[in-house]
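Notes for the one structure printed next.
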Amino acid sequence: MFQVQKELAGHEAVIIALFEEEKMSSFVQELDKAFEGQLQVLLEEKELSTKKKAISKVHSLGKTNVKRYYFVGLGKKESYTTETLRAALGKAFKTLQAAKVQDAAMLLDSFVTEKLDAIDVAHIAAEVQGLGTYELQTYKSDKKDCVELEKFTAITAEDAQEIEAALTVGYVHGRATNSARTLVNMPPNVLTATKLAEYAVELAEKYDMDYKVLEKEEMEDLGMGALLAVNQGSVEPPKMIALIYKGKEEWTDVIGFVGKGITYDTGGYSLKPREGMVGMKGDMGGAAAVLGAMEIIGELRPEQNVIAVIPSTDNVVSGTAFKPDDVITSMSGKTIEVLNTDAEGRLALADGITYAKKLGANYLVDVATLTGGVIVALGNYTTGAMTNNEELFEQVLEASMETDEPIWQLPIFDRDKERVRNSKFADLNNSPGREGHAVMAGTFLGEFAEDTPWVHLDIAGTSETKGAHDLGPAGATGAMVRTLATLVERFGEE
């Protein structure tokens, strides 16, 4: 699909950057010669807009061997960022998709500045081409055919091999994020814990990874009482899924991802209202993020060791479901007083974290749609983060900044630990109250990470969007897929 050339050679459409400057860039000046100065006129009359995300279409009318030019407004160069570029290109690729363009090119060097080099631009372009044109996978009987871009050419004077490599990496990042989106959007009667495990096994086999899927009896033998408690009310069997990627000869410095895989959450006996229950098919967004990251890792083969662990079940009501006031024993041996059955994700993750450590994880990152509290605190754009190790957190933060997936650190103080340890009947309680809900959930998980360097990512606000946006339609976003993969790719770098 991707090609690199030094000159244009006939395309349906070409994308060109347009910055807000006193004069036209050299790229536009050269093209304007073929248009006999008409582009300058269009700029002066503001029919070619330089505003951020503005897309202006100009037909060549036979003046060049390209049918149409799409000028992408990027605003002032001093305010140009990777986020600006992602948003603008997302809109540009959507425009091409709507026009049913199958052969497009991009004047890559027109997007390059002192802040962003050609490698950065190529990576983002290929990534966003997938993200921006993602279509919801629906179950409608009348499905519309979608015309997809078949050929994309980067026009640049830079080294072709380096640009091709950047395009490939960006494409893989975008595709894997879309894989996660599709998982999150699937209805809960289709995506059960069993189906999620089957998907994970297929992924592992495709990329020659080791894997384990623990069944209920094996979980009982290992004492995974926290996950099993959440599963008590369900007719669907639970699964503890593990994918193991060995990128080094020695099994050292193992990065462990733990993704919450609650395929549907009614709240259990602490029942959600109808409004709060609709959409809970997405409560396995953490699992999807982890699997998306493993898809990227499988494709790009970084020299790192990585474990992905997914505790999976649904949380439903029945005569056998677990109840408030129950006391359960986790795999770690720590006992937990259940005060809220709707705080089930942290119970499943507790056993997932302990199991990841058992498999050899030296570093832990858990990802979960864990609390409504994080949405109240940070909104729908920023992922909440907590940690027991600032060095590991800084690496996660840098990866999130590189991928434009913002995170914000929330605290863990001793008094927070005291609240989750406050139980007359057990070592811990799973829900100390509404105050500081996001912090309480993360603090609870920290009790199981213990001394292992750990970062918690609460994607409850960022996993899905209610409306269409520059990088895709309403629904799942694939939050943290690219951040996790970038963390692995950059892990340990100074």
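Cβ coordinates come from backbone N, Cα and C, glycine included.
For the Mn(2+) 1 site, Swiss-Prot records ASP342, GLU344, and the single candidate of ASP265, ASP414, ASP416 listed with them is ASP265. For the Mn(2+) 2 site, Swiss-Prot lists LYS260, ASP265, GLU344; matching the candidates ASP283, ASP325, ASP326 against that entry yields ASP283. Checked against LYS260 (Mn(2+) 2 binding site) by C-alpha proximity, the recorded positions LYS272, ASP342, ARG346 yield ARG346 as the nearest. DSSP assigns GLU344 (Mn(2+) 2 binding site) to coil, not to a helix or a strand. Among the recorded positions ASP265, ASP283, ASP342, ARG346, the ones whose Cα sits within 10 Å of the Cα of LYS272 (active site) are ASP265, ASP342.
Rounded to a whole number, the C-alpha distance linking ASP265 (Mn(2+) 2 binding site) with ASP342 (Mn(2+) 1 binding site) is 8 angstrom. With respect to their backbone Cα atoms, ASP342 (Mn(2+) 1 binding site) and ASP283 (Mn(2+) 2 binding site) stand 12 Å from each other.
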